[in-house]
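**Student:** Got a structure here, written out as structure tokens. Questions coming.
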Amino acid sequence: MTHVPQIKIPATYIRGGTSKGVFFRLQDLPETAQVPGPARDALLMRVIGSPDPYGKQIDGMGAATSSTSKTVILSKSTRPDHDVDYLFGQVSIDQPFVDWSGNCGNLSAAVGPFAISAGLVDASRIPHNGVAVVRIWQANIGKTIIGHVPVTNGEVQETGDFELDGVTFPAAEVQLEFMDPAAEEEGAGGAMFPTGNVVDDLEVPAVGTLKATMINAGIPTIFVNAESIGYTGTELQDAINSDTRALAMFEDHPCYGALRMGLIKNVDEAAKRQHTPKVAFVRQAGDYVASSGKKVAAADVDLLVRALSMGKLHHAMMGTAAVAIGTAAAIPGTLVNLAAGGGERNAVRFGHPSGTLRVGAEAQQVDGEWAVKKAIMSRSARVLMEGWVRVPGDAF
């Protein structure tokens, strides 16, 4: 029996925010994977180690969490006034598919640094010392992200003293601006509030009717009050992720929320859409102990938020969900805004399982409709490994 040898593909393994992923230049992928389709999906699944019925991704670069089962493809931008096109693929851990329906806000922090180092940004736009402004086209959702990347001696500066809760070591700060984050390109997926309301009654079988804010900003997100589903808003991962009843309940929320938001036509479609919408529960500020053991005081935050990604409670906060939080907080009457104390505000600091995060948003009413010019937050990014990733030659 002859066995097909492995091939090697240039790749870089990078931490961005509180996530990690495998980054590729589009031109480095095998020819059949340079275009969307089954070959590309099969390749990325094999790289990450999916589908894995054991749920461990031992035979790949993934680490069996939603924060680490991620891939990114970058290329020089084909759009005016942009430097790089950024495509994100969320690889299912135990199912054979890649979800292309949304962005990863955390890995967005690594796009600018990688694009500069990979030669995808025009050299004339990179200062010898200072901050490079990288104009990113987020191809999944058709939106612009501006990355502010520190540069020292003509190279991306990765080390620094910026601390990010959920990441053990300090690094250089990368500020991100998510421009016009509501909805998707040309309005696909609906307006900022797809139902037309800042709060709706959401019917979830086996749970009941819940007050919910369903917003499409950064990423489609469903916010509910913690107390309405029996939680305090101070929970850490084990409280949810080891509770089969809780996991079953949270599996239903995105299905029925996605229907109301117009993201799917029937509940069955939700099985192929694990990445969106996100579900989060909120409450007013309170004291709690983060997963690191650090005490978070109510006085240090405006509200508490816990969010789920791919059916599990996130260890910190998804970057795109943070954009949704900042946007919803800026609009009076949403559940997020009310949990933060109500009124108009252009920034909030919220508590999550690993600590706190500040996010800002510029919101205004135009002809009676709310619009958000941009959402702003800071993350960090660091290359962990670069070289080649290997996969069997017949894997795609």
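Note that Cβ sites are derived from N, Cα and C of the backbone, with glycine treated the same way.
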**Student:** Given that Swiss-Prot annotates SER19, SER66, SER67, THR68, SER69, LYS70, ASN106, SER309, HIS314, GLY319 as substrate-binding, name the residue from LYS143, LYS278, LYS294 that shares the site.
**Tutor:** LYS278
**Student:** So what sits near MET318 (active site, proton donor/acceptor) in its own chain, CB-to-CB under 8 Å and at least six residues off in sequence?
**Tutor:** SER19, CYS104, GLY105, ASN106, ILE219, LYS278, ALA307, SER309
**Student:** How many neighbouring Cβ atoms, not counting its own, are there within 10 Å of the Cβ of ASN106 (substrate binding site)?
**Tutor:** 31
**Student:** What span in Å does the substrate site cover, taken as the longest CA to CA distance among SER19, SER66, SER67, THR68, SER69, LYS70, ASN106, LYS278, SER309, HIS314, GLY319?
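**Tutor:** Site span for substrate, by Cα atoms: 17 Å.
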**Student:** Specify the count of other C-beta atoms within 10 Å of the C-beta of SER69 (substrate binding site).
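**Tutor:** 30, counting other Cβ atoms within 10 Å of SER69 (substrate binding site).
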**Student:** If H, G and I count as helix, E and B as strand, and all else as coil, what does DSSP give for CYS104 (active site, proton donor/acceptor)?
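**Tutor:** Looking at the DSSP assignment, CYS104 (active site, proton donor/acceptor) belongs to neither helix nor strand, so coil.
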**Student:** If one looks at the chain holding GLY319 (substrate binding site), which residues at least 6 apart in sequence have a CB under 8 angstroms from its CB?
**Tutor:** GLY17, THR18, SER19, CYS104, GLY105, ASN106, LEU107, SER108, ALA109, LEU176, GLY218, MET377, ARG379
**Student:** Determine, from DSSP, whether SER69 (substrate binding site) sits in helix, strand or coil.
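**Tutor:** Once the DSSP labels are grouped into three classes, SER69 (substrate binding site) ends up as coil.
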